[in-house]
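*Asks:* Taken from TrEMBL, the feature region 'Disordered' covers 28-47, 725-749, 1040-1071. If you look up TrEMBL, you'll see 148-216, 220-288, 293-361, 362-428, 433-501, 505-574, 579-647, 774-842, 854-925, 929-998 marked as domain 'K Homology'. Here TrEMBL flags 735-749 as compositional bias 'Basic and acidic residues'.
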Amino acid sequence: MSSVAVLTQESFAEHRSGLAQQQVKVTALNSEEENDPPTYKEAFPPLPEKAPCLEAAQEPAGPWSKIRPIKASVITQVFHVPLEERKYKDMNQFGEGEQAKICLDIMQKTGAHLELSLAKDQGLSIMVSGKLEAVMKARKEIVARLQTQASATVAIPKEHHRFVIGKNGEKLQDLELKTATKIQIPRPDDPSNQIKITGTKEGIEKARHEILLISAEQDKRAVERLDVEKVYHPFIAGPYNKLVSELMQDTGTRINIPPPSVNKTEIVFTGEKEQLAQAVARVKKIYEEKKKKTTTIAVEVKKSQHKYVIGPKGNSLQEILEKTGVSVEIPPTDSSSETVILRGEPEKLGQALTEVYAKANSFTVSSVSAPSWLHRFIIGKKGQNLAKITQQMPKVHIEFTEGEDKITLEGPTEDVNVAQEQIEVMVKDLINRMDYAEINVDHKFHRHLIGKNGANINRIKDLYKVSVRIPPDNEKSNLIRIEGDPQGVQQAKKELLELASRMENERTKDLIIEQKFHRTIIGQKGERIREIREKFPEVIINFPDPAHKSDIVQLRGPKNEVEKCTKYMQKMVADLVENSFSISVPIFKQFHKNIIGKGGANIKKIREESNTKIDLPAENSNSETIVITGKRANCEAARHRILAIQKELVSEVTDLVQIRDLKMLLERVSSEEMVVVGEGREETAVRVSLFLNLKPKILAKFATRRGLCLFNMRLSMFSAPVAEPAVQENGEEGGEGKDGKDGDPSSPKKCDIIIISGRREKCEAAKEALQALVPVTIEVEVPFDLHRYIIGQKGSGIRKMMDEFEVNIQVPAPELQSDVITITGLATNLDRAKTGLLERVKELQAEQEDRALRSFKLTVTVDPKYHPKIIGRKGAVITQIRTEHEVNIQFPDKDDESQAQDQITITGYEKNAEAARDAIMKIVGELEQMVSEDVTLDHRVHARIIGARGKAIRKIMDEFKVDIRFPQSGAPDPNCVTVTGLPENVEEAIDHILNLEEEYLADVVDNEAMQVYMKPSSHEESKAPSKGFVVRDAPWATVNNEKAPDMSSSEDFPSFGAQVAPKTLPWGPKR
């Protein structure tokens, strides 16, 4: 068992009664009195007792006294974490590392703003700003994640745990936020009564105190249960719970009466013992009085009228109880009993009985017979018809039950009668002018009856003025209901049955037709398919979407008609297949007009006699191909006649072209660099005779190209074909002269000869064109040291030139050290390529000269003590000089002793380097004019002058253009501050910081005076032991001669973890 000290109201009043009349006097202590410690009551005077009348007098009267002051929504709190309690003690990573990440995470989670700073004792100060809830959550996170944690337990009775938790855990959460601790309460099934608290030492003490206060408060409370018969509960509660509310207000006791629906007789009282006893006595008195005076009568009331006696939320029963003081007991709804019991004083039972019958008969229930299919017509579209009745009689409730042929009305008797008459008239009228019919149609045909987007069914509805109800697909029902005008119902029924009968005989067939024939069958603007549909009107023909590339054409309709349409379309497709054979004939473009003939006579005659379709290319087209379409035999006959016309028109001549390097020519022809215009066909009469040995790789390229280059040449000059003897697979030449050993060595080889056939003037032009295709090679001298710049990065430079001039450029290998670059290509391109290469050489030589000029170096001698000033903060000054003068400035390496530490090297154009040197020397001149003065500033105001993270001191230095240095920790004179700058700036800066010292020092003195009356901080506790604050006649000195606790003792006041000595840094502590 844990003992808990409780401060009662009596003991507290007794404690302060003797002090109510005392007056606290403030006296100045002289030097003699300082040695004499004050008494406990002098040092800690108790609060005077506040008179109730004075409190009432201070409250202003009037309506304005109820207005609460508006509090600020954003608050700021500062939390201090001593060094020994910090979780992260690495001084070199302040503002970085894990600690900074945790702070960012806390800000994101809670929405509060955090600012961290380090005190001189290396303690962590955290300023948290935001809304109250966010600040409290942030504080809890800070304590949990940035401060070392301790734990303690407190024992309170198990039955008090729920009061610590509170409703829905709200009290526990609030307590954790206030104390910044984690409180773990054992589960209800755990017999332990120990509550574990985790957090800081200060937070643990606060939480422990709050928990003990809650437990002490519950110790003073009591719970009592009183067994009272259920029938007397209404008398104790009173009408509308007024009596029990007054009782709770008078006694301050909570009284819980079970509701009528709960079959319990216990009334539970909770409160302080004396007040609880008063409440129990008063309830017992009411119970005994009612038990003696009351009597009962039983009356029969229809079960359907019970709810009117009860009223909405039991208001009618409470009204009867308030008027007559009689309780009305209604049997439960699941009971078949109709007996209602009235309990009360005999003289009031008659009045109560009258009230009961009045309530029961104030409402009535009636029903109207109406076929269920008429219900929706009675309700009307969007409830319009029914709304007219309910607006006139809002207290009448009208209920339609699905599947039943009646309508139920409920409400005041008069209103129900009026509503019933109106509905009966409406039903009679609807029966006279409306009818319905039901038909059975297989549900698989329902969607066809509805039609696309409801087209069919909507047409029937609008035509016959009826309503057609088709069941949804998921019901799988065959029943269709038609409602409306009797004549319209019969007509709609007849049409729907005809459609259903037609669909039962309907057949769907898929016909396979190649997609290429679909457009032909449809015809221009759908003329041919329209003819087919007119011939078979009952058949629906659906062609697939061209994008789907499907060959399936769907036919749907009556079985016989579908079969006839299928045969007709199959015959049509067969004719199309037979007549769709096509052949392409290449004919020289200049002969097309001869084939057409005057007025199209020739081509028309060929078409009619061969029964084919002949398509010639457009006049402005480069194509020479004539396409013949029709039956195969007819197409061949037409082709033969067209070629015969061309043969008559051609007069042939032959010329020999000798090309020594024919192999190189063909490589040029087959290369991808050749721009080809036009199109080659195998059927052309072009024949190229090549008598040479070719590698299979080159031959494959040439064969792939189909001789397009030569063919295009033929197109441009309208020349005759070029003959081409075959080349065997083994590479041997065909034809005569196979053995070349017997021939004349000076005579041209047969493999170097191309035979061109055609008109003489065109053959000459072809010969010149072929000779122009032979590649030529020239050499250009370029200095070897420029070769790598011409090639470029990964060959990009030389590739660009080759693409631009359409030549091949060969650079010699580096080991050859040759200045000769070879250019190979067409003669027309070589001059441009050579000129471009020589221009590139000139550019590179100019760049070399510019690089030499940019390499000028200049050395400046500057005292190393001025180097940091020349560099500037984060290199700002030196970067500006480099950018402005376009030079590179190099400072000596401090770690390299071999370098002269006073030499600064400037590299760039000579003019720019000299300008940069002058800029540096100007800065040095200004620095030499600067003076340094020491000023004495009280070390207690240094932190205020420096500001958070040095913001304040940087602002002063920027404003007065001076440099201010504060002493390092451990310096001989901690008050000495050095100011460096121009003399006039130094004087102004010193005056400014001395004014700040005077202002801040006043605050420091005031704070130190206040510290006498404040609890010492944790870092002061860790210093050398002191006597502390001593008083006479303290309570612990008079009881059992106990001594004051030793605050320097580690046993009485253990610290969190080992104390870490602060690191001394060269520039003082980080701010």
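Glycine too: its Cβ is placed from the backbone N, Cα and C atoms.
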*Asks:* For the domain 'K Homology' (579-647), give the DSSP counts of helix residues, strand residues and coil residues.
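*Replies:* Split into helix, strand and coil, the domain 'K Homology' (579-647) gives 37 helix, 15 strand, 17 coil.
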*Asks:* For the domain 'K Homology' (362-428), what are the DSSP-based totals of helix, strand and coil residues?
*Replies:* 36 helix, 18 strand, 13 coil
*Asks:* Averaging the per-residue pLDDT over the domain 'K Homology' (774-842), what integer do you get?
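*Replies:* Here the mean pLDDT over the domain 'K Homology' (774-842) amounts to 86.
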*Asks:* For the domain 'K Homology' (774-842), give the DSSP counts of helix residues, strand residues and coil residues.
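*Replies:* Helix, strand, coil within the domain 'K Homology' (774-842): 40 helix, 15 strand, 14 coil.
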*Asks:* Helix, strand, coil: count each for the residues of the domain 'K Homology' (929-998), based on DSSP.
*Replies:* 38 helix, 15 strand, 17 coil
